[in-house]
Amino acid sequence: MTQKIVLAYSGGLDTSVAIPWLQDKGYQVITVCLNVGQHGKQMDQIQQKALKLGAIQSLVIDGQDDFAENYVSKVIKSNALYEGEYPLISALSRPLIIKKLVKVAHENNADTIAHGSTGKGNDQVRFEAAIHALDPEMKIEAPIRDFQWSREEEIEYAHQHKVPVPINFDSPYSIDENLWGRANEAGILEDPWNQAPEDAFALTQAIEKTPDQPDYADIEFKNGLPVSLNNKKMKLADLIKELNKTAGKHGIGRIDHVENRLIGIKSREIYEAPAAKVIMTAHKDLEDITLEHDLAHFKPLIENEITDLIYNAMWISPLFDALNSFIDKTQELVNGCVKMKLFKGNVTAVARKSEKNSLYSKELATYTSANSFDEQAAAGFMKLYTLPATVFEQVNHIHSKAKAQIGTEQ
Ligand code: ARG
């Protein structure tokens, strides 16, 4: 009996060539294309393409809400930017794709999963780490990595098997996208001294073309997550899509980043994440008035760890779960609204309010007569606050040289 295999399918050349290749190896191929909000992709065409190339079944699964509510949400709450820049676009979708693929494999008695990652990227690690965690018995095929085709060989194989080859395929970009943004690498971008040409971008306008009037976005948050945009209640996936359009029009969210991959290579990436940039800036701003001082200063330590775990393929791990419980606790009182100004590639929080949870007290902060801060208490605070350092200096005279010399003369 021929064995069934479930292939993570995007409709692009690599995963399309994988269909006849896996068939030649004796598999019956079931393709799964997960809709995580890829920009401008026709899912029905992708589905048909796989069938035409010989898949015995071609599934398109809508994962947009799952992706927004259970994956993107964690990045928002923990302000997660890898190396301070990358909002984890691709890293986030991998565990969800595998969750769905493993389910399809079990339902169809398939004992192998295939993915189209190369051997040089992080995605192979994320795919395979999730497969091992969810089903250690599951076998894995990675044709693009393991067969090590050159571009010419791949094109030749594609022609032989009637797989359509896109024009300009000799120096292509490698693109991955979802609701949360778009990642673009390879081709001309491989030289970090090459400025990314305009055709590398799809979600954002060049600043030269952005409107001369700003747009404003009022984003309302509940428990650290956006729930409405300009007073219109929206589910997270829709809110992100809407903001991608408005912020993209203003050229917001272009990121040009040379990043450290898990597998040791430095790579130059062009990201576009318009909505992510706006939402994360707003979220951080709301935390500034709702998180207590010590908590606000401690939280970035956990955020940093969570960010690395996501990037480094550890979505399914007890540390990740435990740290997210901490983050969820911190978000219980992150409620309120932030007004964002979108203009010429920049997004700025220009006003914020939190009716129930604002810790900002005008009475304490004001310099007018409405002041309720006890300034007498401030003088005593300084004495006690500096006491340990004062005692140390009086004993050791590190900074008060004159006295220090007298000290050594004695
Ligand atoms: N470097 C990013 C990451 O590791 C993006 C990878 C995107 N994949 C792609 N085929 N372009 O998460």
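Each residue, glycine too, has its Cβ placed from N, Cα and C.
TrEMBL annotations: computationally assigned, not manually curated.
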Based on TrEMBL, name the residue from Gly84, Gly116, Gly119 that is recorded for the same ATP site as Ala8, Tyr9, Ser10, Gly11, Gly12, Leu13, Asp14, Thr15, Ser16.
Gly116
When DSSP states are folded down to helix, strand and coil, where does Thr118 (L-aspartate binding site) land?
coil
Could you tell me the mean pLDDT over the domain 'Arginosuccinate synthase-like N-terminal' (4-164), as a whole number?
94
Given the binding-site residues Ala8, Gly12, Asp14, Arg126, Tyr271, return the subset with CB under 6 A from an atom of ligand 1, ordered by sequence, or none if empty.
none
Between Tyr86, Tyr271, which of the binding-site residues has its C-beta surrounded by the fewest other C-beta atoms within 10 Å?
Tyr86
What's the most sparsely packed of the binding-site residues Ser10, Asn122, Ser174, counting other C-beta atoms within 10 A?
Ser174
